[in-house]
Amino acid sequence: MTTPIEKTDAEWKALLAEKGAEPAAFEVTRHAATERPFTGKYEAHWDDGTYHCICCGAKLFESSTKFDAGCGWPSFSQEAVPGAIRNIVDRSHGMVRTENVCANCGAHLGHVFPDGPTETGLRYCMNSASLDFKKK
């Protein structure tokens with residue numbers, strides 16, 4: 001997968017450490033790990049602002065599109081900027097899902113499901129470890 005921003009694992013680790021990212025951020029964003037449900041700092045976070053990629057700072061979601069899906073991960077109904085998120089078919093764990101990655105740096109963000117409660121019908125189910133929040 002080629003993206004505009006390419007770095008080695010060592011460079012990503014250093015960048016995330018410099019940003020003060022939580023310990024799980026490297027494994028989540030660079031190796032598609034998933035944080036445990038109801039443990040992420042943004043799961044029950046309702047401040048007004050924007051959510052960005054922890055790795056490169058790309059704007060991903062507006063807080064106005066966040067909703068409580070009851071799944072244990074921050075959930076959004078649509079991306080903030082069309083094309084900011086790239087979809088990849090994920091066949092891991094014996095199922096087929098749609099993985100979301102940052103279109104700018106390839107960071108694993110989470111998955112999108114067609115069961116959202118809003119007019120988009122989508123539920124972007126994200127890992128808090130892949131996000132950085134900027135308050136309005």
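The count begins at 1 with the first shown residue.
Each Cβ is built from the backbone N, Cα and C atoms, and glycine gets one as well.
According to Swiss-Prot, the features are:
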type     : residues                     : note
DOMAIN   : 9-136                        : domain 'MsrB'
BINDING  : CYS53, CYS56, CYS102, CYS105 : Zn(2+) binding site
ACT_SITE : CYS125                       : active site, nucleophile
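Shown on the structure are the features that Swiss-Prot records.
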residue	record	Cβ neighbours (10 Å)
CYS53	Zn(2+) binding site	24
CYS56	Zn(2+) binding site	19
CYS102	Zn(2+) binding site	25
CYS105	Zn(2+) binding site	21
CYS125	active site, nucleophile	23
Confidence summary for the domain 'MsrB' (9-136), mean pLDDT rounded: 96
Distance from the residue listed as 'active site, nucleophile' back to CYS56 (Zn(2+) binding site), taken between C-alpha atoms, in Å: 19
Pairwise CA distance, CYS102 (Zn(2+) binding site) versus CYS125 (active site, nucleophile), rounded so that it is a whole Å: 14
